[in-house]
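Asks: Here it is: the structure, laid out below.
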Amino acid sequence: MFKTYFLTSWRHLLRNKGYAIINVLGLTLGIACSILIFVLIRYHSSFDTFHPEADRIYRIITEFHDEGVTRNAAVPIPLGKAFRNDYVYAEKVARVVFYPNTLVALPGRAPLRKFQEQNGVAFAEPEYFDIFNFPTVEGSARAAMSDPYGALITQTLARKYFGKEEAVGQRLRFNNQTDYVVRGVLKDLPGNTDRRQEIYLSWASYKDYQPYLASDSSWGAVYGGSNCFIRLKPGVTPAQVEGAFPALSRKYYSPDDARIYQFRLQPIRDVHFNTDLDGTADRRYLWAAGFIGLFLIVTASINFINLATAQALIRSREVGVRKVLGSEPLDVFRQFMLETGLITFAALLLAVGLAYLGLPTLNRLLKVHIDMNLFGSWTLGAYLLLILAVVVLLAGSYPGFVLARFQPIPALKGKLDQKHIGGFSLRRVLVVFQFSISQLLIIGCLVIARQIWYSEHADLGFVKDGVVTVPLPVSDPVKARTLRERFLDIPGVERVSLCFQPPASAANNATDITLAGRPKPENWAVSQKYADDQYVPLFGLKLVAGRNLFPSDTVDGFVINVTTVNKLQAGTPAELIGHQLTVDGTVKAPIVGVVKDFNSLSFYGDMAPVVVYTHPRDYRTCALLLRTGHVAPVLASMERIWNDTYPEYVYSHQFLDERIARFYELDDMLLTLIEFFAGIAIFIGCLGLYGLVSFMAVRKTKEIGVRKVLGAGTPQILWLFGRELSRLIGIAFLLAAPTGWWFMHRYLESFRYRITIGWSVFVPALAGTLVIAALTVGYRSWKASSVKPVENLRSTE
């Protein structure tokens with residue numbers, strides 16, 4: 001019986017190659033895209049889940065309770081030691097401090113080899129490698145971190161630094177300050193971890209690099225790279241630990257600070273998805289990707305249903321003969337489900353191959369490193385089987401039911417019409433659903449693209465175009481000033497400033513301020529900007545009261561922004577000039593100037609209160625404002641001067657507008673994802689339209705001939721096919737527009753400064769869909785109208 005079903009199905013597909021190709025192609029594209037989305041979601045969901053007892057691993061984070069509640073992934077460095085000594089909730093406690101973009105040199109080699117490591121280094125306690133599963137291929141991680149000046153490096157860095165030489169026992173020099181001995185080599189880090197440092201230095205040596213931060217008294221300092229990880233004992237709940245944190249705060253902070261500094265636990269599995277806590281992914285975007293994958297499968301299945309039900313009339317005589325010869329409705333249903341299974345299985349095999357070919361492109365577009373190992377993980381195999389079953393049932397059930405219920409006598413006489421297959425109602429609904437999805441994706445693309453453009457081109461309150469930043473080493477301020485003066489002599493350089501960071505930066509130091517005459521600090525934090533007197537004019541910050549900073553090596557005054565003035569509630573900007581301010585508890589000086597607000601973060605957040613003052617030992621950036629013209633010679637001169645001034649350090653530079661664009665990297669990736677899959681969804685929909693119009697052209701052959709004999713021209717014939725389609729796309733737009741507005745409004749809510757959604761978004765979505773559909777339908781309709789009337793009238797259809 002099965003053999004008969006199989007041979008009959010195979011012969012039918014061979015007789016109807018066009019129908020089979022359209023269905024296979026549509027399903028192949030839909031399934032391939034859903035596979036790519038599945039492996040993308042699986043990849044992100046697997047981050048840091050491979051560590052032993054990952055469900056008991058947590059990161060302690062800081063909550064600042066001042067005017068509101070803000071969270072920080074970093075914690076005061078003494079917290080880990082205090083928690084280990086005062087409480088018994090954790091099996092392991094490990095402190096680690098990350099320093100990105102650091103210099104590593106190989107001492108004792110001529111010429112001196114030096115490397116600027118973007119992922120930087122980490123000072124880690126030995127327990128760090130008890131908590132995290134980062135195995136060594138040489139040496140012991142715990143022993144290396146117990147050595148006062150021991151270091152661990154990955155296999156990749158071992159090859160990069162030492163080639164074929166033995167890495168263990170070699171020396172590294174960190175930031176031209178301290179030498180370390182490589183005591184072990186780590187296996188290269190897997191792609192699915194947020195712990196990206198490839199060099200680990202012993203915790204005992206951290207006091208040499210940052211004596212104050214490494215001390216037990218630095219409770220008031222929260223350095224952004226300081227993390228504390230714990231693995232709870234079995235049976236201990238996060239609620240128990242968080243219940244103990246208030247007592248810990250009261251023990252180590254003053255009553256006022258204990259209210260501000262509070263701590264929470266963050267599961268290690270959630271770290272990857274909390275973008276406000278240094279996470280690199282967003283669950284909302286993965287949900288969006290998952291829905292897009294589902295929509296693509298449904299869209300491809302809709303094509304199948306529409307074409308299969310349309311073809312049911314052509315197959316009516318075949319079904320009639322089968323029923324007269326004794327076939328039951330269930331036999332007919334099984335026959336069609338087998339055909340569906342053959343088409344879907346062929347599409348599945350092609351989709352797997354297409355997904356393998358498309359994976360490198362996805363990795364490049366989304367900047368990920370996904371390995372689609374079909375046989376290395378049961379989850380992908382299970383997903384493919386699930387897709388096969390779902391598509392066969394989804395696409396095959398209704399057409400199979402339609403064929404199975406045909407009555408044999410009308411079927412043999414060829415007297416079946418549209419009402420016997422449910423009319424056009426279901427197909428209309430399905431086409432509307434298809435194009436609603438397509439228009440919804442187009443609306444999403446337009447809104448995200450416009451918001452990113454607005455974020456990157458709106459007035460941020462400072463100059464970013466033509467500004468180049470050069471990171472400075474921790475060095476003596478005299479050398480930095482020498483570099484500034486030499487840079488200023490380069491033709492094409494307009495201004496040069498030494499500062500900690502540019503106005504908008506991911507690295508911001510927050511601290512407290514106290515206005516003279518008030519008994520205690522304000523209950524909100526201010527962002528510190530260390531800078532020289534050229535900072536305000538170089539970045540075009542607009543003074544609204546007072547003056548700029550004077551050239552000085554000491555703090556002679558503060559420049560604050562309007563938000564700081566408003567939050568102090570002590571008068572107008574002009575009235576505050578001359579008032580004494582204390583920053584960070586120790587730095588005292590008068591307010592000498594007030595500038596207009598500028599974005600010190602991205603457009604996701606509110607305007608932050610800012611204070612700018614001179615502090616040469618904390619200048620980590622040299623900013624240059626270039627005149628328009630030839631940039632390449634200026635950059636070459638900058639590198640030459642750098643190598644003369646800092647021969648022991650690696651030169652690098654970055655344009656400020658590129659740095660700011662990185663704030664919206666996740667949004668760029670979401671836009672890329674939606675653009676790509678929206679194009680696929682539209683193409684699959686057009687395939688279905690082409691197949692339907694082809695079927696309609698065959699069914700209306702005589703009608704077209706009669707119309708042409710009666711004088712109808714090509715435009716009238718085209719309108720015969722396009723009229724119904726235009727109505728359906730219009731209905732689809734009426735469904736997609738409010739749905740798209742709701743989803744995109746929710747997306748835009750995460751931006752403090754955002755675009756408004758108007759008709760300039762919706763009209764292009766509708767027009768684009770109509771044009772694409774018209775081109776698809778128009779070509780097939782034109783072919784149908786080009787046939788001579790006499791040939792149409794001779795048709796048996």
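Here the Cβ of each residue, glycine as well, is placed from N, Cα and C on the backbone.
Not my notes, these are from TrEMBL:
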{"type": "TRANSMEM", "residues": "20-41", "note": "transmembrane segment"}
{"type": "DOMAIN", "residues": "21-245", "note": "domain 'MacB-like periplasmic core'"}
{"type": "TRANSMEM", "residues": "285-307", "note": "transmembrane segment"}
{"type": "DOMAIN", "residues": "291-404", "note": "domain 'ABC3 transporter permease C-terminal'"}
{"type": "TRANSMEM", "residues": "342-362", "note": "transmembrane segment"}
{"type": "TRANSMEM", "residues": "382-404", "note": "transmembrane segment"}
{"type": "TRANSMEM", "residues": "425-449", "note": "transmembrane segment"}
{"type": "TRANSMEM", "residues": "676-698", "note": "transmembrane segment"}
{"type": "DOMAIN", "residues": "676-788", "note": "domain 'ABC3 transporter permease C-terminal'"}
{"type": "TRANSMEM", "residues": "725-744", "note": "transmembrane segment"}
{"type": "TRANSMEM", "residues": "756-779", "note": "transmembrane segment"}
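How buried are these features, and what lies next to them?
Replies: Long-range contacts of the transmembrane segment (20-41) within the same chain: residues 13-14, 286, 289-290, 292-294, 296-297, 299-301, 303-304, 307, 343-344, 346-348, 350-352, 354-355, 358-359, 362, 366, 368, 370, 372, 380, 383-384, 387, 391, 395, 677, 680, 683-684, 687-688, 690-691, each at least 6 residues beyond the stretch ends and with a Cβ under 8 Å from a Cβ of the stretch.
Cβ atoms under 8 Å from those of the transmembrane segment (285-307) belong to residues 19, 22-23, 26-27, 29-31, 33-34, 37-38, 40-41, 44-45, 340, 343, 387, 390-391, 394-396, 398-399, 426-427, 430-431, 433-434, 437, 441, 666, 669-670, 673-674, 677, 680-681, 684-685, 687-688, 691-692, 695 of the same chain, restricted to positions at least 6 beyond its ends.
Within its own chain, the transmembrane segment (342-362) is flanked in space by residues 6, 9-10, 13, 20, 23-24, 27-32, 35-36, 39-40, 304, 368, 370, 372, 374, 384, 387-388, 391-392, 395-396, which lie at least six positions past its ends and keep a Cβ under 8 Å from the stretch.
Remote same-chain residues near the transmembrane segment (756-779) are listed as 435, 438-439, 442-443, 446-447, 450, 682, 685-686, 689-690, 693, 718, 721-722, 725-726, 729-730, 732-733, 736-737, 740-741, 744-745, 748 (criterion: CB distance under 8 Å, separation of at least six residues from the stretch ends).
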